[in-house]
Amino acid sequence: MKLSIIIIVTSLVIAVVAFPSKDSKAIENDKTEQRMEIVVQETARACSKQIGDKCKRNCECCGKTVVCGTIYVGGKEVNQCMDKTSDNAILNGLGKGMNFIENTFSFCV
């Protein structure tokens, strides 16, 4: 019985100390009082580009196994819609499966 009372009292003391009152003023650099503004950008919801077209997101590319992939042309990074992942037929099939899974989790409408 005494142990349970000690545990309850200790818990209440910790709760009172841990949670500051609403009347307390925030310190200038107090991280709990800083606010962040989140900017939501409009993204493509339906496909508009075919294989070989430049893209920014998977949702822009048409096709279940087509993703917005990165290739390097003359040392520059270029994003374009692609579905081929390898010259090997088995690896290409596995790559298309992975592309399908990636598109599934892109949540394009």
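Including glycine, each Cβ sits where the backbone N, Cα and C put it.
Candidates considered were Cys47, Cys55, Cys59. The record in Swiss-Prot pairs Cys68 in a disulfide bond with Cys55. Among the candidates Cys81, Cys108, the disulfide partner that Swiss-Prot records for Cys59 is Cys108. Of all Cβ atoms in the protein chains displayed, 14 besides its own lie within 10 Å of the Cβ of Cys62 (disulfide bond).
Cα to Cα, Cys108 (disulfide bond) and Cys47 (disulfide bond) are separated by 8 Å. Cys68 (disulfide bond) has a Cβ environment of 20 other Cβ atoms inside 10 Å. The two recorded residues, Cys61 (disulfide bond) and Cys55 (disulfide bond), have Cα atoms 7 Å apart.
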